[in-house]
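Feature annotations, reproduced from Swiss-Prot:
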BINDING   Arg40, Arg46  NADP(+) binding site
BINDING   Arg128, Ala129, Ser130, Gln248, Ala249, Gly293, Lys308, Ala309, Ile310, Pro311, Ser312, Arg334  FMN binding site
Amino acid sequence: MIRFTTAGESHGEGLFVIIEGIPAGLTINSEDIDLELARRQKGYGRGQRMCIETDTVKVFSGMRHTVSLGSPIAMYIANKDFKNWTKIMSPTSVDSEVTPLLRPRPGHADLPGFMKYGVNDFRDILERASARETAARVAAGAVCKALLKEFEISIVSYTSQIGDVTADISSVEECKIWHDAEISCVRCPDAKASEKMIQLIKKAGEKGDTLGGKVVVVTKNVPAGLGSHTQWDLKLDGRLAQSLISIQAVKAVEFGAGTKLASLLGALSHDEIFYDVTRGFYRDTNRAGGIEGGMSNGEPIVVTCTMKAIPSLANPLHSVNLATKETAEAEAIRSDVCAVPAVGIVAEAAIAVELAKALKEKFGGDSLKDMKKNVNIYKERIKAL
């Protein structure tokens, strides 16, 4: 089974991730992981910290000469900003007192964590709750992307909305969508919408405010049959949704036509089935988003994630001082104005991990060679139907 765990605080010395279950024999280049980390850091509206950090990964175990061994892969990403936080974030005792944070931000983990863990300073909560943790997830996702690539499965994403500005890609060729998204500073393939998004982010920043939005993630060439209908926790869409909704500030996840299906009749809600000797079973529409009955159906898996506006505002909201219980402004903590473009990259990583996990559960194999053999046998059986 493929699984990963992360450790590290936002302003601590660094982030750690250990991923288990990757089959032996997979080539993983650290440069490819660094590329994914760099994609996560880009985007108009990111905060000053992105000028400090240049994330790169260091692999400590589980690989030899760029090839996986089948044992746990341990990776480390240094926080270059730690030099400015050594006293505040020291894991050992310090000589002088550190001023506690006591004015929780609405929408963040500050107050719930303060109550749950009984701390005296909610920095103990926010440091781990921070979206900085997603850098470790992106590293794990990059490893899983390398595995999926061996089976010609690819994951791409774009920004479809920021604030009240929505992209129109109805007239854009599919291959151009992904190209234009990568060269846009907000990862939006609609040039006109992209410029409006930039202006909107600029205005929000000037007001000390933040913005949310939506990203669309598409996974191509997923074989039919990943996931299962047999138990609630084996359903592929359920597993993907849990992974995606766990991303900081993501508040909704939709598959295919998503919430639009609420207003459609059944005849317009589902994807009719066709058959061709060359293509096999196929659909002319993809309202299901590539998953039916908790299983992949062979069509592209299409997911939309909605991200709320970041709760760290330069112009803080109303709050309460936890020590005095008096009215106060929430803590003003350095943050992004808009991180929607980055969420697309984190969502790609989350999906990569879950699909790699489902792929290995379906086809097994301690080595990549065995896994490929099993996949080929399965594809031949499907082709013969």
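Placed from the backbone N, Cα and C atoms, the Cβ positions cover glycine too.
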Euclidean distance between Cα atoms of Arg40 (NADP(+) binding site) and Ser130 (FMN binding site), Å: 15
Euclidean distance between Cα atoms of Arg128 (FMN binding site) and Arg40 (NADP(+) binding site), Å: 18
Ile310 (FMN binding site), number of other Cβ atoms within 10 Å: 24
Site diameter for FMN, Å, by largest Cα distance between Arg128, Ala129, Ser130, Gln248, Ala249, Gly293, Lys308, Ala309, Ile310, Pro311, Ser312, Arg334: 43
Arg128 (FMN binding site) and Arg46 (NADP(+) binding site), Cα-Cα, nearest whole angstrom: 19
Among Arg40, Arg46, Ser130, Ala249, Ser312, the most crowded of the binding-site residues [Cβ within 10 Å]: Arg40
Neighbouring C-beta atoms (10 Å sphere around the C-beta of Arg128 (FMN binding site)): 17
Distant-in-sequence Cβ neighbours of Lys308 (FMN binding site), under 8 Å, six or more positions away: Gly107, Gly212, Ala249, Val250, Lys251
